[in-house]
């Protein structure tokens, strides 16, 4: 019954899309895209995850990287990956939740990633902004180091959250790296000056709707500092709803979904003076490269 409702909502959503979207936007759906980071296991959308995956796939989003953030949601990410070929699982302990970890968190994480060859590491990282207030930064550092070492040892990419902590992140990556399998700087908003050093260590830079509230000149400088072969696109859904959304989550128009990677594509392409088609091809192939590790759902080239 639930699946029937989801299918009905799917077709309703597509019908609405056809009504509200311009011909140009509809044509863009033919492009292949990769949502390099999102959270469909989030309690705000988990009951609609099946619908949102179907909508994204129908809109040309071939793969969706779903990132766990705490021990309590890793099983949900695994279940989605087991059910949908387009879902790339990522398991990690987010810096906001390091103080609630169990004693066995690392053993559990290591066993989970080893048992799931298609899994990457993430979301992990460092955060000094107010939303992370009260979370011990020293503990964030220790947890990040263990997870980066795990990713490097297993030759898996790692998706990293970093806010106001790039000097510390860079030092840690220099100590542990380089990272041939890749480190994804998710929703990157860092200074253009850190890009060359992070690139040398194996970093990719993923852009989302979080970039859009910045002044356009600042956003352009950040995006143009990144080599084209290191650019990824993501939604960070259900957060980071773009200012130019094409798709809305049924029942809550304030939430984001993976199909809106099209909106991110349109914005970032405009900053780079590229066509949507050019950036779609570049970012999709970059994502294939970083996520096509041994055991991945993506065939090795």
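Positions of Cβ are set from backbone N, Cα and C atoms, glycine also.
Listed features, source TrEMBL:
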type: BINDING; residues: 37, 39, 123, 236; note: divalent metal cation 1 binding site
type: BINDING; residues: 161, 186; note: divalent metal cation 2 binding site
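Overlay of TrEMBL feature records on the structure.
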residue: 37; record: divalent metal cation 1 binding site; contacts (Cβ under 8 Å, 6+ apart): 65, 67, 90, 122, 123, 159, 184, 186, 187, 206, 208, 234, 235, 236
residue: 39; record: divalent metal cation 1 binding site; contacts (Cβ under 8 Å, 6+ apart): 66, 67, 69, 123, 236, 237, 238, 239
residue: 161; record: divalent metal cation 2 binding site; contacts (Cβ under 8 Å, 6+ apart): 94, 95, 123, 124, 125, 126, 127, 186, 187
Cβ atoms near residue 186 (divalent metal cation 2 binding site) (within 10 Å, other residues, all chains): 29
37, 39, 123, 236 excluded, remaining Cβ within 8 Å of their centroid (divalent metal cation 1): 38, 65, 67, 69, 122, 159, 161, 186, 187, 234, 237, 239
